[in-house]
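Enquirer: Please find one structure pasted underneath; my questions will follow.
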């Protein structure tokens, strides 16, 4: 698990530096004080996770494994349905999905409480913070910087997910691949096809639209 911690810190550092590079322009340079404040915040978060790891390790001992698993699945489902995808797509400047973030972190806390040691707990909590709290910031900066690199990172993540899931279950891997293909290709095609059934109803509730060919009256 030490390698997981080192890998997490490495990805956090790379993502932090990449975000700074993406958002820095000659017209809008990033202030040194802002960078230092964000670094202090990251250090504080990881130190807090280290201090709380022994507590999180024994947090849910009275509950059964089935209860923890069901709650985790429920919380991660909430995370998916309440995520601020417009922020990661670069369409909005502020992240407005605290429910999604809290559900993901809480679900991670429930899962890590079943790990054998507090060091394992700390490793997974750090990875959860990086994935659910820090990674959306990096993805938005990458999307604003380059659509091509954003697409490359997306497909690399999907490939890594397939490889990791294959180590667990072939059936789950197949379900994941089919789900990605359905969402990526079938759903947009489906949405385009149903546009023909769209009806535009006009009435007095519509806003007035001025026309240019109206006659001019002189007083």
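Cβ coordinates come from backbone N, Cα and C, glycine included.
Where the annotation comes from TrEMBL, it is an automatic prediction and has not been curated.
Copied straight from TrEMBL:
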type	residues	note
TRANSMEM	6-23	transmembrane segment
TRANSMEM	35-56	transmembrane segment
TRANSMEM	68-88	transmembrane segment
TRANSMEM	95-115	transmembrane segment
TRANSMEM	121-138	transmembrane segment
TRANSMEM	150-168	transmembrane segment
TRANSMEM	174-191	transmembrane segment
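Give me the lay of the land around each of these features.
Expert: Residues 60, 94-97, 99-101, 103-104, 106-107, 110-111, 113-114, 132, 136, 139-140, 143 of the same chain lie 6 or more positions beyond the ends of the transmembrane segment (68-88) yet place their CB under 8 Å from a CB of it.
Long-range Cβ contacts of the transmembrane segment (150-168) within its own chain (Cβ-Cβ under 8 Å, at least 6 residues beyond either end) map to 139, 142-143, 176-177, 180.
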Enquirer: Which sequence-distant residues neighbour the transmembrane segment (95-115)? Criterion: at least 6 residues beyond either end, Cβ under 8 Å.
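Expert: Apart from its flanks, the transmembrane segment (95-115) reaches 56-61, 65, 68, 71-72, 75-76, 78-80, 82-84, 87, 121, 124-125, 128-129, 131-133, 136-137.
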